[in-house]
Amino acid sequence: METIIEEYLKFIQIEKGLSENTIGAYRRDLKKYQLYMQEQKIAHIDFIDRQTIQECLGSLIDQGASAKSIARFISTIRSFHQFALREKYAAKDPTVLIETPKYEKKLPDVLDVEEVIQLLETPDLTKNNGYRDRTILELLYATGMRVTELIQIEIDDVNLIMGFVKVFGKGNKERIIPLGDTVIEYLDTYINNVRSQLLKKTVTNVLFLNLHGRPLTRQGIWKLIKQYGLRANINKTLTPHTLRHSFATHLLENGADLRAVQEMLGHSDISTTQLYTHVSKTQIRQMYNQFHPRA
């Protein structure tokens, strides 16, 4: 089964263009699956049946796996077995009758407009890394892009004259996101004045660099967002996705079209975008309860 797993991982990396993080998650799930089957002395993929899979899922639940984790695990092994059947590594797909559990999607943490401004104004613009950080925060809030998309942006992906940035999302899908006047100003100064001072002797087209002239990492962005959140005294859990959540929620609160927001966020399924309308409804309910005399 190990050989089939490796072939499957190669397939989804090449054919689907998934990120290393996503591939890593698939690999971990499949290694758990393989280990369980080894413990059950199952030597061949065709010996796996529905009951064995259900027992495997039961084992994960006993270990404390959440409904969301179980749903992802089922999705992974279902895709794996479909691949094995299609490529004739297996004669059947035992996941056909396995149901995916429903789980409640957690509403994301969102900053209000005042908190966003507090966060954006925290970096020290007199320092190169401070100006870079302000540009990063402005860009994340102005576009709603993922941090994994931001760290891949190259100089040529930014068109300041036309006012857009090109990013490559999940599955390496390209999309164009418009830029507002404020973020264009920050990008202009960063690209033409600040970046060259960070670049040093490094040769790279990547837009955002660290103090050593190397491309910033996802972990580096995570760290700076957490640090600025603490300095801004924001008492909410800040993650690299917080500004993305805030971008979507603020647009929808101000009447933006759901489909347009879906396009900018790069969501393949509009139900994911609709989650942000639930955030807005929650805030409306809180406001009603606070201010209506008969609430």
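The backbone N, Cα and C atoms fix where each Cβ goes, and this holds for glycine too.
Quick look at what Swiss-Prot lists:
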ACT_SITE  ARG146  active site
ACT_SITE  LYS170  active site
ACT_SITE  HIS241  active site
ACT_SITE  ARG244  active site
ACT_SITE  HIS267  active site
ACT_SITE  TYR276  active site, O-(3'-phospho-DNA)-tyrosine intermediate
DOMAIN    1-85  domain 'Core-binding (CB)'
DOMAIN    106-289  domain 'Tyr recombinase'
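On the structure: features taken from Swiss-Prot.
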residue: ARG146; record: active site; contacts (Cβ under 8 Å, 6+ apart): GLY169, PRO240, HIS241, ARG244, GLY266
residue: LYS170; record: active site; contacts (Cβ under 8 Å, 6+ apart): LEU18, SER19, THR22, GLY266, SER268
residue: HIS267; record: active site; contacts (Cβ under 8 Å, 6+ apart): THR273
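Sorting each residue of the domain 'Core-binding (CB)' (1-85) by its DSSP state yields 69 helix, 0 strand, 16 coil. Summarising the environment of ARG244 (active site), the number of other Cβ atoms within 10 Å of its Cβ, over all protein chains shown, is 22. When Cβ atoms from all protein chains are considered, those within 10 Å of HIS241 (active site) total 15, not counting its own. In this structure, HIS241 (active site) belongs to neither helix nor strand by DSSP; it is coil.
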